[in-house]
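Feature annotation from Swiss-Prot assigns active site, proton donor/acceptor to 182; the stated evidence is sequence analysis. Here Swiss-Prot flags 24 as Mg(2+) 1 binding site, drawing on sequence analysis. Taken from Swiss-Prot, the feature Mg(2+) 2 binding site applies to 24, 26, 182, 187. Residues or ranges marked as domain 'Exonuclease' by Swiss-Prot: 21-195. Sequence annotations record features per position, and here Swiss-Prot assigns site 'Important for substrate binding and specificity' to 30, 78, 125, 147.
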C-alpha cells in the first residue's frame, strides 16, 4: 500500500484524520433492516507525493442473502441480480464484512488515520446497509464512523450541477457505461473516480491546502 513521502500530503492531514473508503452496495430492497444485502464493493484511497487523491485497493463480494430477510422482485429487476445463481461464488454476509474490515483496518494503520469514513453516492443508503450488516454479524469493532459520511451526490451537485452518478461522471470527464451500472464493483469504481476528481479539482483551484493564517 502506497503512502506519500511528503508529510504535508499525508492522507490523514486531508480529512481530519479520517480514512475515506468508497463503498457501493446492491440490495434486495430499500430497507436496511428487512431487505437482503446482495453485493458489496469497497475501494480504498491514497494520496500521492503531490497531494492528489488516487485509487488504491479494491474488494468485491457477492453475498448470500441472509435467511429471513426480504428479497423483492422489483429490486432484482432493477439490478439484474440472480441471488441464487451458483456462478456468483457468493459468501455469507459476516465473512464479507470481516474481510472488508481487515482491509480497512490495515489502511487506517498504514495511513496513520483514526477512523474510516464511508464515501458513497447517496451515502445514507450504503452506510445504513453497511451498519445493519455489521449489527447482524455481531462484529464488535467497527472501523467506520457511525454517522459521518462523504456523499458524492451532494458534492457533485455543488461542483458539477448534477446528482445522478452517470451524469456527474460525464460532466466531470469520467467515462461511464450504463451497461455496467448497478454492479457494486463498477459503481464503486466510478464513485471513487468522481470523489478523487472533485477533491483534486478543489486542490487545483487553490482550495487546499488552507493557508496557515486561516487555520
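From the backbone N, Cα and C atoms, a Cβ is placed for every residue, glycine too.
Looking at residue 147 (site 'Important for substrate binding and specificity') and residue 125 (site 'Important for substrate binding and specificity'), their Cα atoms lie 12 Å from each other. Taking a C-beta cut-off of under 8 angstroms and a sequence separation of 6 or more, the residue listed as 'Mg(2+) 1 binding site' has the following same-chain neighbours: 40, 41, 120, 121, 126, 184, 185, 187, 188, 191. Close to residue 182 (active site, proton donor/acceptor), meaning Cα to Cα within 10 A, are the following recorded positions out of 26, 30, 78, 125: 26, 78. With residue 125 (site 'Important for substrate binding and specificity') as the anchor, the candidate recorded positions are 26, 30, 78, and the one with the nearest CA is 30.
Under DSSP, residue 187 (Mg(2+) 2 binding site) is assigned to a helix (H, G or I) in the three-state scheme.
The most crowded of the recorded sites listed here (30, 78, 125, 147) is 125, judged by how many other CB atoms sit within 10 Å of its own CB.
Straight-line distance linking the Cα atoms of residue 26 (Mg(2+) 2 binding site) and residue 78 (site 'Important for substrate binding and specificity'), rounded to a whole number, equals 10 Å. Shown in sequence order, 25, 39, 41, 79, 181, 183, 184, 185, 186, 188 are the same-chain residues outside 24, 26, 182, 187 whose Cβ sits within 8 Å of the Cβ centre of the Mg(2+) 2 site. Within the model, the domain 'Exonuclease' (21-195) carries an average pLDDT of 98. For the pair formed by residue 30 (site 'Important for substrate binding and specificity') and residue 78 (site 'Important for substrate binding and specificity'), distance between Cα atoms is given as 12 Å, rounded to the nearest Å. DSSP assigns residue 30 (site 'Important for substrate binding and specificity') to coil, not to a helix or a strand.
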